[in-house]
């Protein structure tokens, strides 16, 4: 018997449905690419040599349990590595699904890892130069590389961000990993924007491959402490103004951390983004400005690189900005909406319930609906109905709006709306962010500047009794009464 959060048997009795182990040798500089459905658990271990997944080295002779992933195991050394794996049915998944339980896998010698490693070495050289300069000039320190990764959807941007972060950590650096894609929950839940100093290896066995945080309890790996800004939607276009504002505020926090922490300052920043193209140049310009980006990496998009070089030619000519294009990995696969949604659900489930190694006991309780103040993000199409008629695929920029239709910058109307009469239709089965605002806060503008303390899930609202049943990751009263209702649905 194990106590949640205090270790225990991480290798329970094997499932009788587990397949016989398969062993093979992966040649050096090659990748073993595999896809594991959610209904299957892949038990993988490297028995000889060195193997890594997105820069995270697998421990020798220690099984790693993976489910619902599309990963690639890379052998960085010429001698390659020996891999052993087996599969079994994932009993945690709902039975009766028609989804396949078979894994898909193949080996490829055509990999862009050499280019990725060269990029890492260039960034490492930048960090060393920065550290040397700051040692000699402590009164006027410089910052390490602030890297912005851009590209189309399914270009491998997130994989590259993880590789660069992992390699930097191996060199004893602690870069800030910034996630600006609200679709992904990076050390947080979907619908958030986060910035996290990388102080340990990523936990590949977690639902999203990053690991746990102190907001959800103890963890096997060193828990990360992200700064979390609530966006509340899954796509930046749902409210572009709110997205840009939150990105800007996150940039302020990150740059402040760089000023105060010499180690993080020398290590720099790595920024992962949603799919952006030249139509989103206003968003890109804001990110470059907010995070003082000095390195832009474009993944497999020559046209975007050319357009950006024209747009930022003054910065490039003044050596304030460097741009580089790198190829897309042949192992990148298109993620369908159902797979993305299931990844999000697993991330939410793990936030409250933990994983196989570290199960958690979330707290279920009833609270009075009237004890809290509720705010919800405004959809751009609701604030400006003309946006509903945009052609599919077109980007929205506020520069095209008439001046008389722009709202005052201090207005909250285009960002949040207060839920004056919260009921089941507005709260039930939704994820709600707990803000860090004090109980008696009366300034609506502070909603934009606050960070997220944690999340709760509303499973049921009893309107007759004025009660709601909530799921919380901790056994305690909800510490704040100002809540942000997201559009992220979840059913236990």
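The backbone N, Cα and C atoms fix where each Cβ goes, and this holds for glycine too.
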Need a hand: Swiss-Prot gives 31, 154, 155, 156, 157, 158, 159 for ATP, which of 45, 70, 170, 229 is also on that list?
70
In which DSSP state, out of helix, strand and coil, do we find residue 156 (ATP binding site)?
coil
For a quick check of understanding: among the binding-site residues 155, 159, which residue's Cβ has the most other Cβ atoms within 10 Å?
159
Lowest local Cβ density (other Cβ within 10 Å) among binding-site residues: 70, 157:
70
Can you count the other CB atoms that lie within 10 A of the CB of residue 158 (ATP binding site)?
22
Cβ atoms near residue 31 (ATP binding site) (within 10 Å, other residues, all chains):
25
